[in-house]
Amino acid sequence: MGARASVLTGGKLDQWEKIYLRPGGKKKYMMKHLVWASRELERFACNPGLMDTAEGCAQLLRQLEPALKTGSEGLRSLFNTLAVLYCVHNNIKVQNTQEALEKLREKMKAEQKEPEPEQAAGAAAAPESSISRNYPLVQNAQGQMVHQPLSPRTLNAWVKVVEEKAFNPEVIPMFMALSEGATPQDLNTMLNTVGGHQAAMQMLKEVINEEAAEWDRGHPVHMGPIPPGQVREPRGSDIAGTTSTLAEQVAWMTANPPVPVGDIYRRWIVLGLNKIVRMYSPASILDIKQGPKETFRDYVDRFYKTLRAEQATQEVKNWMTETLLVQNANPDCKNILRALGPGASLEEMMTACQGVGGPAHKARVLAEAMTQAQTATSVFMQRGNFKGIRKTIKCFNCGKEGHLARNCKAPRKKGCWKCGQEGHQMKDCRSGERQFFREGLASLQREARKFPPDNNKERANSPSNRELWVSGGEDHTGDREGRKGEDRELSVPTLNFPQITLWQRPILTVKIGGEIKEALLDTGADDTVIEEIQLEGKWKPKMIGGIGGFIKVKQYDNVIIEIQGKKAVGTVLVGPTPVNIIGRNFLTQIGCTLNFPISPIETIPVKLKPGMDGPRVKQWPLTEEKIKALTEICTEMEKEGKISRIGPENPYNTPIFAIKKKDSTKWRKLVDFRELNKRTQDFWEVQLGIPHPAGLKKKKSVTVLDVGDAYFSCPLDENFRKYTAFTIPSVNNETPGIRYQYNVLPQGWKGSPAIFQSTMTKILEPFRKNNPELVIYQYMDDLYVGSDLEITQHREAVERLRSHLLTWGFTTPDKKHQKEPPFLWMGYELHPDKWTVQTIQLPEKDTWTVNDIQQLVGKLNWASQIYPGIKVKQLCKLIRGAKALTEVVTLTREAELELAENREILKEPVHGAYYNPDKELIAEIQKQGQGQWTYQIYQDLHKNLKTGKYAKMRSTHTNDIRQLTEVVQKVALESIVIWGKTPKFRLPVQKEVWETWWTEYWQATWIPDWEFVNTPPLVKLWYQLETEPISGAETYYVDGAANRETKLGKAGFVTDRGRQKVTSISETTNQQAELQAVLMALQDAGQEVNIVTDSQYVLGIIHSQPDKSESELVNQIIEELIKKERIYLSWVPAHKGIGGNEQIDKLVSTGIRKVLFLDGIDKAQEEHERYHSNWKAMASDFNLPPIVAKEIVASCDKCQLKGEAIHGQINCSPGVWQLDCTHLEGKIILVAVHVASGYLEAEVIPAETGQETAYFILKLAGRWPVKVIHTDNGSNFTSATVKAACWWANIQQEFGIPYNPQSQGAVESMNKELKKIIGQIRDQAEHLKTAVQMAVFIHNFKRKGGIGGYTAGERIIDIIATDIQTTKLQTQILKVQNFRVYYRDSREPTWKGPAKLLWKGEGAVVIQDNGDIKVVPRRKAKIIRDYGKQMAGDGCVASGQDESQDME
């Protein structure tokens, strides 16, 4: 492809590079345009080699021209490029692309006027112009139309389009362009090449079948034979190419008159592609809205792209364009578009909205005003760009020459851009001269405002209130004295200063050399530049870098400028500037500064949880000294703007109290935000853990900073502040309490950490980009700054960081600014080449409480990350169970020994190394015994990066290899978090042992790289189970049973050799009895044994090959297993009549299991234990008397708490469902109830969003006929996504009454029922989502009651089946009523009627005649359709009508 760059050489290449892309533009054609064109030609299935000659270019242009109307912008650009190349080959001189296209059109017209003789002859031979001249049908030398197969390039281009565009709207015009003139066979070839998209092709196939059937209905086949020489008429399947040959297709397309089967088939395919595009691009045109920061051009692009995918008529699309395009624009653009008036063209809209980007436009202005650069940023232009005469351009917005409206710096104007009036467009303007709507601002209306006395507080409250201050000036309001001596926060000037808010451009009226002008105060500009002003004195010529390049200006020195009553003398430049600018050379003289409140950061919006209100917790009494301390603290906080006083209109309250700080006489204010935290929305933690020093790279220079008053520097959402209200009471209720609310993030509120972290990240992001040489670790208010710079450069960079943070209101106190090692950071101690944890002192105590042990274990866990060998298992055993914090515990001998060992380990300081990315990570694991493990991660031997321990027993019964795999997983995860990769493992286990375990028992696919290290004690499997029965060994059938009430049980075995043994046990359970039976069998058996059990519990324990357990009984079984040479364990289902199992079952059940004279009781009890079915379901399924079934429910400890659920039914339509979200265990459960039947669908969803809810609704609609859904007014249910899903599935959505649970009665009661069932079976499932599905199953199929005594599952099926039958019957009735009956009475021979047919049977019909219902034999009745009023009698229709032809 690169060879295409040599299309032009020598002089022609020079000529090519002199041609402009656009008239009046700056860019010219370059070599890269030729390379691009050759690649595009390959995409459009054309030969790039044709570009080398003029004739080739002409062929390509003829090929591409028919597709221009439907083609994309890329196709037009390619055509334009080839047109210019054609002119260069033919030495036609052109200046730009437009001229090349005009020359090409002239040449084509000339060729049409003077056709060549051969062309004329060809035209005479084939006069019909409708025949396709494009491929694949071409005319041979004899004048016949022959088929030319599609080229591989065309097919390749089509495949690329589908793969790259993935069925977005652009696929349709590309298909039209590539399939021009194709036959149905060619079109099928194109479709077959993208057969991988089976779903799309199936949809396309369905559309084609429907269109083919419609064609057949509209074009019936003519009867009789086809005349000789005439082609048969195509059927729908012929057009689709399935039942027609290529020759027939060509004949139809070239006949006279032609039948364009190719074009018809293309239309069908386009209909199908429209449907596919709609599916693959599900965004509705209603959802396309302009973002607040989105440019109008991008919004229009998205709008029309989505509009192309909409399946609607052109009239509807026109209406969408006229209404929705303006309606869904952002407020800034909407104002401009409405000012243009109705009927404005898209071009006028695009022109008017150039450069407008909502808040982005404001942000650009703000950024411009905040720029503090010391030197001007000049934009230099290439000198070559001044060659030649260029057409001058004029701005629509300000009327000045030299720039376009989108680059205009002047304020954007509303209304007509010619006269300034609103209500008409510029094209309709009748005014002759321009008037600019900003002229009214020339007077001094923009008077400086004064702050109210408490404005300091207000500025802290509103982070959006950024101000430009002019210091020390006279106030135009007349109050020249001002307020002196008042306290100022963050060096804010005295309150009589004028202010100019920066939410609009700071344009003021100024006096320059006696003339009044409007000018922009620009703190980012060095110089002051004014346009069209006559100043006295001499001037010097000067060139400055301005907007759009260099501009020539006149420099006047010692000019007097008056701004807001302040005078200054300096240099003024006069020249063609788009907007008058007052630069820093004058602003610094008058003391103009940029000032910020506490935080210029945008607040993050916060809401309460749906349906909840703020906290209303009463303030508890406080002592006098605490009230005094809180009053002082709050007074200081109010001065600083962190809190504000509020009145009685705020109904919310949170209690506060005070505690003394550690080792201090000062008090600390605490707010009990527990109730507010429950009611506040959930937040996503921005940072999932704390950074670890082992992951730090070694740096030459390091600094540690701390952000002071971190939370109090971040503003709280204004709408949320009222919920943080608190009250300081008075002693003996002497006066009403003083009420405050927070303006900043409060300590103890659940949202503060996440919002602060997010805010700090946004603030540091630009600094990180501008200073890539610095590594900044940020966790809450701790900052680690490292670099490889020299110490002086590093400290300069740190000072820049501190200044950057201060700009945003974050201070970094000197007392916590650590410049020299060791650095104390995040509980660690950092040295230049090593790290350790901060010094740990273990307390010496005679008596230990639970709280003491908890703190001790916390310290040891912290130390274990660098001190290898730390153990805490025995200490943790001391505080198992629910114990009070102050309860005294006695150290066991093992715990004392463990603590003594840990003290010894901590005596010698241990240090960790820093991470080197160039070296390999190695993790070594050792077994310490008693289920405890230790590990080290290092790169160089004896220089650990990090150490750790592991002592978890994830299951009651485990073995060393399972624990080792858990340690490996923990270390791998830890390594990924800290270093982003997994280490190579060195494990104390032999390859054979490890591989045996992994292949036989471990269900996992990921195995890390590891090698064997011979570090005793080695891990091994102590016994192994056989996978097949052992021939010749005795087989033991084991079983156990226990009575729940008496706790008495039996365990025993029966062998295949006739031996048996049964033992009675006290204080046992079924599971313990089953284990006891296995132990008895193992103790009785020889070295080889087969054991058969019916207990999945026993099978699960022994199959996991444990070598240790917390159960003494299981430990005894393990000892017996180790003694055996070979063991085979098998499971059989209970109560299925299996010989040995049934025999032992009867033996151990005697006198243990209850017998209530009915065989089904055991099964019912077993089912109830599993599903907690209600008594009606058990009585029905197991044929139990109601009293017995109720006794089973009553004896269940989980079902007797709240009694039996009351079932009732609401008489509703079969298609009505109620949906609601409920919460359990911190998770969200979306519940749907079929109101008529009580049938339940529920699912745990990851988030309460519209997307998840819509997906659930679509799944529900795919399973059941859903006509109406009834929901509350939650944000997820009212979202556009849910509305779109309901629209697509044709579901009507209804909403309940806000905060009224009765309007959602069915689903609300079902929420309680579902939670109750989950509570009964929760211990059977590990995850909540499993428990939810189990509870749904139980409710739908294991609980009977309500209408019909059905389960909910049976009831919904019955209701739907009945509804279908009723509908069908109703249809039949309506069909029957379309007939009329003429009948004869037995006594009279004349025909009577017509009567209304009510029912038609085999031997008689039921009719209604004049209100009387009669039964008439079929032989005396004639049934006919109701064709209107007929006369009965001789020769009437009734006498000759055959009913069998009219009615089935």
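Just so you know, glycine gets a Cβ as well, placed from its N, Cα and C.
DSSP states for the motif 'Nuclear localization signal' (26-32), grouped as helix (H, G, I), strand (E, B) and coil, give 2 helix, 1 strand, 4 coil. The annotation motif 'Nuclear localization signal' is assigned in Swiss-Prot to 26-32.
Annotated region 'Disordered' per Swiss-Prot: 107-129 (among others), in sequence order.
Same-chain residues at least 6 positions away in sequence with a Cβ under 8 Å from that of PRO225 (site 'Cis/trans isomerization of proline peptide bond') are not found in this chain. Annotation comment: Swiss-Prot describes GLY224, PRO225 as site 'Cis/trans isomerization of proline peptide bond'.
For the zinc finger (393-410), the DSSP counts in helix, strand and coil order read 3 helix, 2 strand, 13 coil. According to Swiss-Prot, the feature zinc finger maps to 393-410 (among others), an assignment based on sequence analysis.
Mean model confidence of the zinc finger (414-431) amounts to 64 (pLDDT, 0 to 100 scale). Annotation source Swiss-Prot lists zinc finger at 414-431 (among others).
Annotation source Swiss-Prot lists region 'Disordered' at 446-490 (among others).
Cβ contacts within 10 Å of ASP522 (active site, for protease activity), excluding its own Cβ and spanning all protein chains shown: 23. Look at Swiss-Prot and you will find ASP522 tagged as active site, for protease activity.
What Swiss-Prot records for 640-830 is domain 'Reverse transcriptase'.
Remote same-chain residues near the region 'RT 'primer grip'' (823-831) are listed as 690-691, 693, 696, 702-704, 779, 782, 784, 837-839, 862, 911 (criterion: CB distance under 8 Å, separation of at least six residues from the stretch ends). The region 'RT 'primer grip'' annotation in Swiss-Prot covers 823-831, and the record cites similarity to another entry as its basis.
Under the DSSP three-state reduction, ASP1145 (Mg(2+) 2 binding site) is assigned to helix. The annotation Mg(2+) 2 binding site is assigned in Swiss-Prot to ASP1039, GLU1074, ASP1094, ASP1145 on the grounds of similarity to another entry.
As annotated by Swiss-Prot, zinc finger applies to 1159-1200 (among others), with the evidence given as sequence analysis.
The domain 'Integrase catalytic' annotation in Swiss-Prot covers 1210-1360, and the record cites sequence analysis as its basis.
The secondary structure of ASP1220 (Mg(2+) 3 binding site), as reduced to three states from DSSP, is extended strand. Residues within less than 8 Å, Cβ to Cβ, of ASP1220 (Mg(2+) 3 binding site) and separated from it by at least 6 positions along the same chain comprise LEU1230, VAL1231, THR1271, ASP1272, GLN1304, VAL1307, GLU1308, ASN1311. Sequence annotations record features per position, and here Swiss-Prot assigns Mg(2+) 3 binding site to ASP1220, ASP1272 based on similarity to another entry.
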Densest Cβ neighbourhood among ASP1039, GLU1074, ASP1094 (binding-site residues), 10 Å radius: ASP1039
Alpha-carbon spacing, ASP1145 (Mg(2+) 2 binding site) to ASP522 (active site, for protease activity), which is rounded to whole Å: 94
Distance, ASP522 (active site, for protease activity) to GLU1074 (Mg(2+) 2 binding site) (CA atoms, angstrom): 87
Residue with minimal Cβ packing [other Cβ atoms within 10 Å] among the binding-site residues ASP1145, ASP1272: ASP1145
Per DSSP, three-state class assigned to ASP522 (active site, for protease activity): coil
Alpha-carbon distance [ASP522 (active site, for protease activity); ASP1094 (Mg(2+) 2 binding site)] in Å: 86
